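Per TrEMBL, these features apply:
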type: DOMAIN; residues: 40-375; note: domain 'FAD/NAD(P)-binding'
type: DISULFID; residues: Cys86-Cys91; note: disulfide bond
type: BINDING; residues: Lys95, Asp359; note: FAD binding site
type: BINDING; residues: Gly225, Ala226, Ser227, Tyr228, Val229, Ala230, Leu231, Glu232, Gly317; note: NAD(+) binding site
type: DOMAIN; residues: 395-506; note: domain 'Pyridine nucleotide-disulphide oxidoreductase dimerisation'
type: ACT_SITE; residues: His497; note: active site, proton acceptor
Amino acid sequence: MAAMAVALRGLGGRFRWRTQAVAGGGRGAARGAAAGQRDYDLLVIGGGSGGLACAKEAAQLGRKVAVVDYVEPSPQGTRWGLGGTCVNVGCIPKKLMHQAALLGGLIQDAPHYGWEVAQPVPHDWRKMAEAVQNHVKSLNWGHRVQLQDRKVKYFNIKASFVDEHTVCGVAKGGKEILLSADHIIIATGGRPRYPTHIEGALEYGITSDDIFWLKESPGKTLVVGASYVALECAGFLTGIGLDTTVMIRSIPLRGFDQQMSSMVIEHMASHGTQFLRGCAPSRVRKLPDGHLQVTWEDCTTGKEDTGTFDTVLWAIGRVPDTRSLNLEKAGVDTSPDTQKILVDSREGTSVPHIYAIGDVVEGRPELTPTAIMAGRLLVQRLFGGSSDLMDYDNVPTTVFTPLEYGCVGLSEEEAVARHGQEHVEVYHAHYKPLEFTVAGRDASQCYVKMVCLREPPQLVLGLHFLGPNAGEVTQGFALGIKCGASYAQVMRTVGIHPTCSEEVVKLRISKRSGLDPTVTGC
């Protein structure tokens, strides 16, 4: 370890001098950077899905790589390990709790199939949460091991830029570390937005950063927001038997196909989730008995109302995790409106050797697989001689509400806005999954539609599927749409019987015809 004096900005903007131990194999990072010999070929800021993909890819290409990652505890004190939002407080725990809720529905179906199951069957939140959290912790450990196996250096520090090639961080013992690299990739993702203008929101509310790590059941819950995060959380909370209300100020699932979004809400409402439409919260207070009293206003009438809940979950969007990076010291430009990082088609920022991927980037889908692919392609361009760019068109996704909604390509609204109503044809159908028949399940919202250009060969612009296993269905058809499939080609595809997926290749009725789109089955 070498000791050197480095200038560090202290409180009040003054500089203070101190002796600092610096890691770097016998030479300090600052000294190496000044001499043109930096510590690493690639430094990745952020240990989420995209950042880890970058680091592992670069290491496989023989580069010297470091990852810096630090999780700022949520306002409620929740913290987690390596792996980012998806692993710890997003896709993984969400899907597992969604699965828990689906199992509850299957238990209700079981007697119809001959299983003698005493009803109702109670759900144990503590047991579910412990199992989910243990799986997440195993993934945290797995990522640590993978980095070690690939000889990627991992620093659990909160990094901020000192200059365009150097970042500074403080380790647990208070030791300040300088790291320099030829190339830097920013992949810090985002965090849930808090409505700080609402009294009591920060003190008494939680977000998706907390819900999956609760040791006790959240009980009667108010979910504020209409994002996919809001609806997914409300869906599994209802599914495991909790009294759940969703407060929506404007429209649900903004940016998604609005016909499909409305059907998602209809299904949830008919299966126990309560909705307060056109309302906005104004105050949260803690009552002497520990319950939370929420006051809200009807946005149309201005009338105030109140309700009492055990938990208030804010799900009103996300903000990029950029504030502590000191991007201005590196010269990295951000959007003045969103504070997200501005990049070009090559993921390059305003600084030639600094890049950004994932949720922290302006105009990119906030999806784990896109960050992973963008990161790998970026590293292959930097170190592998590739010229392939990330294609952000026709990226499939699924909203894991109780009745899942999968989509790829354009919504009907986007298709009409881009091509004009007269140039768009929409084929659609209601259907009843075979699994729903014996148990007598309601299939009113099981629906599929394909948005196409009207002119032959009727290129498929978008596919929207609402029903069981929507993610699995959408993933398969996404390949065909990515390859430029036409309506005729989809219709010539033989379906697998009996499945929900085959409903896509049986779409014969257009909305324009006005015919009944209900599929009777066989």
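Each Cβ is built from the backbone N, Cα and C atoms, and glycine gets one as well.
Straight-line distance linking the Cα atoms of Asp359 (FAD binding site) and Cys86 (disulfide bond), rounded to a whole number, equals 11 Å.
Overall, the recorded NAD(+)-binding residues Gly225, Ala226, Ser227, Tyr228, Val229, Ala230, Leu231, Glu232, Gly317 cover a maximum inter-Cα distance of 13 Å. Within 10 Å of the Cα of Val229 (NAD(+) binding site), not one of the recorded positions from the list Cys86, Lys95, His497 places its own Cα. Taking each Cβ in turn and tallying the other Cβ atoms within 10 Å, the top scorer among the binding-site residues Gly225, Gly317 is Gly225.
Proximity of Lys95 (FAD binding site) to non-local residues of its own chain (separation of 6 or more, Cβ distance below 8 Å) is seen for Phe400, given in sequence order. With DSSP classes pooled into helix, strand and coil, the tally for the domain 'Pyridine nucleotide-disulphide oxidoreductase dimerisation' (395-506) is 41 helix, 31 strand, 40 coil.
The NAD(+) site is defined by Gly225, Ala226, Ser227, Tyr228, Val229, Ala230, Leu231, Glu232, Gly317, and by the 8 Å test on Cβ atoms against their centroid, the other residues of the chain that qualify are Val223, Cys233, Leu253, Ala315, Ile316. In sequence order, Leu253, Arg254, Ala315, Ile316, Gly317 are the residues near Ser227 (NAD(+) binding site), counting only same-chain partners six or more apart with C-beta under 8 A. With a cut-off of 8 Å between CB atoms and residues at least 6 apart in sequence, the same chain places Thr85, Thr368 near Cys91 (disulfide bond), listed in sequence order.
Put plainly, the recorded positions Cys86, Val229, Leu231 were compared by Cβ crowding within 10 Å, and the winner is Leu231.
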